[in-house]
Each structure stands twice: as structure tokens, then as C-alpha cells.
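Enquirer: This is the structure I want to talk about, given as C-alpha cells.
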């Protein structure tokens, strides 16, 4: 593949016009959209309006007139189609970690007599950490079992299983429907972490019991934008939210002394939403209403496959592919191993190609099809080849560690 | 007191210049700063910079260069002096409800063998709701006891006590030091909810074990700005955060499989901060660095006393004072009871005097000394007298209920 051929692919790309809707700095090829998505230009005006009109002028009246009070369910209803869910099935708020806590606590409490939570060692660490805290709080004989092989880990003591659809390190993608069916066959409930999936390709929550994810990666909701939580309608009456703050009450503004859970998905809210963070997400979701996720997936497969081909042909002896070679088994991310991964990534970033590094050896590259071009992939691979071929990463400037790497 | 005398008080007010730093709509006397504070004008530029420079241009690099990663402790260190705490003792993030959950779970788990949580019926409802959920999750023989009289409620079965320093309905203010000493004498831990105190007057957390509060009321952090949580240094090593997300890990970016708590206050973080909501708070805190809280308290006492005097002299037979008559026992809020409180408040708002209503009969008026003038108090009382004297609240338009009241 030549750079000219990449230009031709860009010219024919049905998603090409979305790139103009993003604020992207000059001279940067941004391959970290799987960590923090780029900013939709519409955010500028939407956030300014929220501050200078809604807050400044409407003051506390904004809870009604600007629909701040409804933000958790309004945003949830807009995320629902991205994960194959319906209206009233998704709520937005809090962080992913808090969403995991709520979902896992609810799932475990629906399963009296079962005391084991299965968590994958390949889950993003906070998933495991949160389950540790939950188990500690629950006391008694609750415990965690880390999954090696799912089938041998499943037993009649397993209450719930927490898995990521896409592995945050390797980008490996699981078959949600098949895994959910196996977990259900063992009598356990299935909770999916969709952090590295949502906005990267079409998702069908299907028979899952709960699902959750963050909105600042492929959805471009902004740094620390609120998380989403899906609960299957069959659990809306029976599941309990142990983080039972006032926004989950049946009638919050009655200020009743005792707790009564709201009907429907609202019982999984906690408290006053972080409005400004939700507003930026709202602007990002405006764009998603016009996006065909099947087109996103097709371009994602093309971009990741192109990157793997170019990198392996130009610097295959220096790097080991850590992602699945088969595109059907990948999310929208490609990872390689290198013994000096940290300085390699610093050298790349210094040359305008932004990926990230995960200890001890992983170079991660995310591909957000709404704002990445085929020529970006071509140029990124060429820069990586230069950094490795000329050993530019040996520059001592690249050894210094930053707080967030 | 005449309107001219109020003008003279405004001219001599040492805090008068702060009013110019707020964006306040024309024709509104805003007495809801105890619910959602007005917007500091500096927020406009700070939020625009966060979006258009930090997010758009620095992208994921903002976690380092814009100190997003440090936001929870940076903001905490700036709130600390407002509550009599030191650096490294306060962390910012999540919602007040989540902060209550973390604090109460930590307190209870520090007290093995004690199974009762005391919660005041006068607490804001979410405090009670959250404790209900916590007790449910903890299982076993944990239980809640609602406080009537504190001394008779305290016993050797009480693990921890959760109280609000200022009552959200009446504005009644407790003596923190005295209550904390009584609770400690009974062997229990003391957790203070400072939602309706912080920014209203100087606070000394003193010997309290934990304290928390929201930042969108008197601190003016914006709708749903993140909460703060104080933990006494003596608990930093021994207390556990059962919402043990990755931001509370000793080394989050090592991505270790097992949880290890961070040292110090950071162990009470949970997850990725809601950056944009925190940024607005940051702009508000810039102003607080220049504020003398003793001046705030002196003006608050003067404003609330003036309002009570004016209202009682002009419409005393229609209203019953629900707040303490003694200024030393009040926060920065005045409440009255009226059998038709809801339409009375709607009629007031329709005439530019914004207070709020809490079922079944409460009219609440908050007094934020940084942007309220003595003449505002005078005019608000005159409008209230007119609404009641002419029974303007009987207009049928004011009967319709809004979602958030």
C-alpha cells in the first residue's frame, strides 16, 4: 500500500466528513482515541451555553428548564442505541468504577446462596479493584475468583461474572452473545464492561444482565465524562442499588425520610449529576446520532489491518504483535510489544504520533474512525519505522517518566 | 430599617466588590445560593480554556500538563482551609452521596463489634438513604438508629454518627466541637455533612473523623460540581475505602492486578475525575482564596437577621419562622412555614425574588454574602409582604408543579 493509495481510500471514505467536526491540533496523528477521544467542535458552543446561559442566567431554574434533572436518563436514552438497548434501559452518571460497583452489588444480591464473583485478570484493573472492595464490604464468605479459563471457573457457586468485551491491553474482542449464554447456562449473571467497545463498533447487549462503560474514549465525551449503566428490564423491579442516593428515590423532591426505590432504570442513579461534564457528552452524542456504526466498524477493521501490515512489513523484527491478527477478534486498537516501550512511545509522540504505553512493554494505538484517515495510518507507521530503524528512542530525554504514562 | 439605611450598609460592606465578580441576571434577587450558587464570571474563561486548549489541543496529554490527574488532591488542598483542615487531608470527586458512602463505610469498618449507625432524621434525605444502602450491603446485624435526642441514642453499640452541621430545612446550626466530643466520649466516630455550611462561615473540623460536603452551594462550583471528603490524618493508614477504584491505588499506572491502597488522602479517591465539572469549581475557588470567612459570617448574620426582622414586622401573622431566632444558632439560611408554601414561592419567583420550597410548607431563603446586598434583602422582604398581603399567590398559574421544586 502506497501513500497515494491511502489518499484514494480517504477520498472514498463515507465517514470522511466527520473529521471536520473535530478540533484536532496541527501536526498530530492522534492514536489515543481509545483512552481520551478528540473534541467535537460543537462542544465549545454547547459548554459555553451551559455556563453562560443555563447556569449564569437560569441559576437553580436550570434543573427544570435546561433539563439538568433529566440528564441521567436523557443521556442514557441516547447511548442506548449504541449498545443495542432501548429507551429507559440506560442511565448516565458517576464514574465507570462506581457503575461497576452498583452493577456487581446488584447482581450478587440477586443470587442468594452464590458467593463467588468471577473477574478476568485481563480486565482493566479498576474492575478487579472495585470487586475487591465490594467483597470486603459484603463480608461473610464472599470471594473473588480470577478467570483463567471461563468454563472451568464457572461453577454453581458463581453469582456473577464481570468481563470486558475488549481487552484494554491487547484489543482482543470477545463474543458477547456466546459468553453470556455460557455464563447463564451456569446459573450466573453476566456484567459487561464496554469501556473499550462503545463507539468502536455496533454492540448488542442481548441477554446481558448489566453492562456499563465510559464515555470519554470512542464516544468523545471529554475528560472524565460520566459513565453509563445498562440494566436488563427484567431486573428493574427486583435488583437493588446499594448506592441508594436521593436521585434513585421514587420521589426525590418529596424528601421522605425512608428510602423507596424509583421504578425503572432511575433506581440505578445515585446523586446530583455532574452537569457540565454531562453537557460535553451531550454535544458528542449529537454527532453519534448521524453515525452508522457498521461503517465505523468497516473502517476500523481497515485501519487496524493496514497499520498491522505496514508496521510488520517495515519493523516486524523489532516488535511483537500483541493484538489478535484476525480482524474479527479485534476491537479498534492495535498493540505491540517492545522491550523499551516507554522511550519508544516518547520518541513517537515527540514526532507527532500519539499512542500510549502500558507497563512493562506495551505500545497501544487506538483507531477512531470518525477522525482518523488512511494517510494518518500510513504516516504513523512510517514514523514508527524511523524511530525503531534509527533507534531514535535512545535519546535520554525519553527516559524521564511522566505521572500519567 | 429603611431602604436608604440598607444602601448605607452596602456602601460600607467590606465584601461589596465581590458582587461584581458574579454573573447575575437582571431583575433577580437570588436567595437560592444555599442550593446552587451563582456563577463567578471567571468560570466562563476557565471552562473555555479547559475545553478549547486543554482538551482540544493537549488531548490525553492534559492528564499531565493540565494537571487533570492531580485535580482530586489539588482541589482538596484548596478546600481544606475553608473547613479548618490541612493539605493532604481533603480529596475532591464524585457526588456527596458517594462521599457519604465512603466515609460511613470506612468509619463503620474501623469499629469492629459495633453495629449501629446513627443518622439524624433532620439530615438531608440522601444521607439517610445512603446509610440504608450501606447497611443493606454490609448485611449481618448492622442497623440504623435515627436520632431523636443524641445522648440517649448514643450507646456502646454505636459505630459512627452522621450529622449535618446545618439543617437543610431550618438552617439550624450545631456546635461541631461539642457534638464531636460527646460522640467520641461514647466511643463512636463522627462524620459531618458540611453541605450547607462550607462557604457560609468558618468551619473547624477539629476532632471529627470524617467530613464531606458539596461544592455547588455557597462555594459556587456549578451544577453538580464534585464533592469533597475530609479524613482525619490519624485514619489515613487504617481506614479502608470500599469503593476502591483505580485512582485510590498506590500506583494506578502500574496497572497491577491486585489492589494496594495509596498512602494518605488519595486512598479515598475512586476513579477518573469529572474534569470539566472540577474546572468550574477551580475557578470558583480562585475567588475563595481572597475571601475572609469571618467577614462572610458577620455579613451573613446581618443579612439573615435583617430579613427575619423585616418579614416578621410586615407579614408576621401569615408566616411562622422555622429557623432559630438566635443568630448564633443559624447557618446562612432563613426558613418560614406557610400552609400554601408552593404557590407563595412561585408568586415570589415570578416577581424576581428567588427562594425555594420544600414540602409540605417550607419557604427557604439562602443568603450568600458574596453577592447579596442589604437592599436585596430589603426588596425581597417587601415583595414577600406584597405577595402575602395581596394574596397574589392565589393565581392559578402558581399551582402547577414543576419537576424540581
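Just so you know, glycine gets a Cβ as well, placed from its N, Cα and C.
Pasting the feature list from TrEMBL:
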{"type": "BINDING", "residues": "B:96, B:97, B:124, B:125, B:126, B:127, B:193, B:196, B:216, B:246, B:272", "note": "pyridoxal 5'-phosphate binding site"}
{"type": "MOD_RES", "residues": "B:217", "note": "N6-(pyridoxal phosphate)lysine"}
Enquirer: If you skip the near sequence neighbours and keep only those at least six away, which residues in the chain come within under 8 angstroms of residue B:126 (pyridoxal 5'-phosphate binding site), Cβ to Cβ?
Expert: B:96, B:97, B:100
Enquirer: I want to verify one value. Collapsing DSSP to three states, which class is residue B:193 (pyridoxal 5'-phosphate binding site)?
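Expert: The three-state answer is strand.
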Enquirer: Quick one: what's DSSP say for residue B:216 (pyridoxal 5'-phosphate binding site), helix, strand or coil?
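Expert: DSSP assigns residue B:216 (pyridoxal 5'-phosphate binding site) to coil.
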Enquirer: Measuring Cα to Cα, how far is residue B:124 (pyridoxal 5'-phosphate binding site) from residue B:217 (N6-(pyridoxal phosphate)lysine) in Å?
Expert: 14
Enquirer: Checking B:96, B:126, B:193, B:217 - which of these recorded positions have a CB within less than 8 A of a chain A CB?
Expert: B:96, B:126
Enquirer: Using all protein chains in view, find how many other C-beta atoms are within 10 Å of the C-beta of residue B:272 (pyridoxal 5'-phosphate binding site).
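Expert: So the Cβ neighbour count for residue B:272 (pyridoxal 5'-phosphate binding site) comes to 27.
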Enquirer: Among all the protein chains here, how many other CB atoms are within 10 A of the CB of residue B:96 (pyridoxal 5'-phosphate binding site)?
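Expert: Excluding its own Cβ, the number within 10 Å is 28.
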Enquirer: With an 8 Å cut-off on Cβ-Cβ distance and a minimum sequence separation of at least 6, pull the same-chain contacts of residue B:216 (pyridoxal 5'-phosphate binding site), or say none.
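Expert: Within the chain, residue B:216 (pyridoxal 5'-phosphate binding site) has Cβ neighbours under 8 Å at B:36, B:37, B:222, B:223, B:224, B:225.
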Enquirer: Let me make sure I understand the span of the pyridoxal 5'-phosphate site: among B:96, B:97, B:124, B:125, B:126, B:127, B:193, B:196, B:216, B:246, B:272, what is the greatest distance between any two Cα atoms, in Å?
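Expert: Maximum Cα-Cα distance: 30 Å.
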Enquirer: Among all the protein chains here, how many other CB atoms are within 10 A of the CB of residue B:124 (pyridoxal 5'-phosphate binding site)?
Expert: 21
Enquirer: In DSSP terms, helix, strand or coil for residue B:126 (pyridoxal 5'-phosphate binding site)?
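Expert: Assignment for residue B:126 (pyridoxal 5'-phosphate binding site) reads helix.
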